[in-house]
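Below is one structure, written out as structure tokens, with a few remarks after it.
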């Protein structure tokens, strides 16, 4: 009983998550050992609280673990890294796959094994899949669960009640946050060195994007149901890094929203980044095949969801493709003139066949 | 009668033009209308008018006429003012057929498979209902319709839940309530031929329906082939409602409201009600589609919501009247 009451009290307000057994995202380096020690203690506590026989065996395991971790985390700055990590969020799956030591990661979500959603599907397929349900996660007896901040609260709360430490990581919505999440996951996994390596490579690639100076063409991204990501999204920042102005910015979409097809056609962006349709039919995706889009004058590329659904170093793959497109646009004098004129509406009668061809190749790929 | 048809036709034309002028892009009326006919269709304004607004308005007319006509024909043939494709599950069954064609990939492989499958779904439900409720009263018809409707909706939801596409689940709403948002000429060309064929069949039922008002025996003695009439009804309703549902989802109550509003004006003659209901249905769906765009422009409010707000009170009123009569 007390477990539940205590839990519901903790559930009030956002700051409540800072206490208890939840490791919050964005905790500084110096603090990293303390929460580990705290959740180790939580594990031991949970053992005392569970009176039912069913959980006793598992709880005993946590007690042992909790004690060992408590001992390690007591005075030393370096806590013992978790040895059985289960991830229940597509993005933390891939972070853990990049950073984790061999054998450290025990299970990832089934989404991470889907090559349409995940850039690390091959590596993920080597691990057992979970579907983010508390029961299957618990059966892996994890000493750390990685979850997203929007992961089903019931699941995360249940895991915490069972004494499993959970790290909730907020999704990265800027290129700077991609770095932060890498470092944060590195700390949680006890793989700071590996994280530093990955971040250094990421920084080098980001610096190498260097879009050409001068007028910036407008780009818009467009997905199922007419969803356009806004100014404060990772995809907007990627477009910006690749040398484009973001259409959602002009239209005042800050976080993203549903952009009527009419407004998109009227804005007539120089580059339209379309989401790739999923298998199986959905009326929501019909809009990506709408004839009006075929007649638009600007260039079009299709990006897979996996290219930027998560804030991973792989987002730079997409950015590099976009930057290459941008440099190509720079070479076309006709288009350049057009960009310099830059009124919102302009006739697209003199488009070069080369651009069309490029677009068709993109579509075919 | 002529005056009624002309009046309805004019209101359809007026609402059609209005429908072309309403949209988020805020194009001035003269520019909008001239963009429909002038130019090569490559500028943004021309694209918006020709590829986005025009197909939507045309579909509203086609879908509305199909539903109004089907409602009038069903009410005449079943001699029951509550018979209506949406209420008795024909639309839901058509939606199931369409969803099956889309999710199995058949619609992408075989041309016309989408309206064809919806037609099949609709035909099965009309036949089932016909066999179940032959010679039975209103209550049985409505109960049978509710059962078929629930079953078809449940199967539609099941199929969409099983789809590998993450967006498919959200489509349940569309298939149950209907919408014309962002439909293109692809949808017009897919549905129009099947709908038009259905209209032809239904419009020719007029004389038979008139005779049927005297009762089945009297109609048969007057030389009406009842089996042919029923076959025509099933095929005509299945084709019109099936094709309409395949591209616009299940829009309820049009076939109920429109014949009811016009019945007195045509002197309660089923044959005269057919054409009037087709025109009235077109006007009603055009108006409802305008309303969803004016009330909540950004939200894609479903057409079925507006129709149910109009239709459900009328439906209750009809049931009450029916009860006090019997």
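Every residue, even glycine, has its Cβ placed from backbone N, Cα and C.
Annotated transmembrane segment per TrEMBL: B:55-74, B:86-106, B:112-132, B:141-164, B:184-203, B:231-254, B:274-296, B:303-320, in sequence order.
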Positions whose Cβ lies under 8 angstroms from the transmembrane segment (B:303-320), at least six residues beyond its ends: 81-82, 86-87, 176-180, 248-254, 256-257, 260, 284-285, 288-289, 291-292
Top Cβ-contact partner of the transmembrane segment (B:55-74) among B:86-106, B:112-132, B:141-164, B:184-203, B:231-254 (pairs under 8 Å): B:231-254
Recorded stretches the transmembrane segment (B:274-296) and the transmembrane segment (B:86-106) touching, at least 3 CB pairs under 8 Å: no
Distant-in-sequence neighbours of the transmembrane segment (B:86-106), which means Cβ under 8 A and at least six residues beyond its ends: 67, 70, 74, 113-122, 124-126, 129, 141-142, 144-153, 155-156, 159-160, 162-163, 168, 171, 175-176, 237-238, 241-242, 244-246, 249-256, 307, 311, 315
Long-range environment of the transmembrane segment (B:112-132) - Cβ separation under 8 angstroms, sequence gap at least 6: 85, 88-98, 100-102, 106, 140-141, 144-145, 148, 152, 190-191, 193-194, 230, 233-235, 237-239, 241-243, 245-247
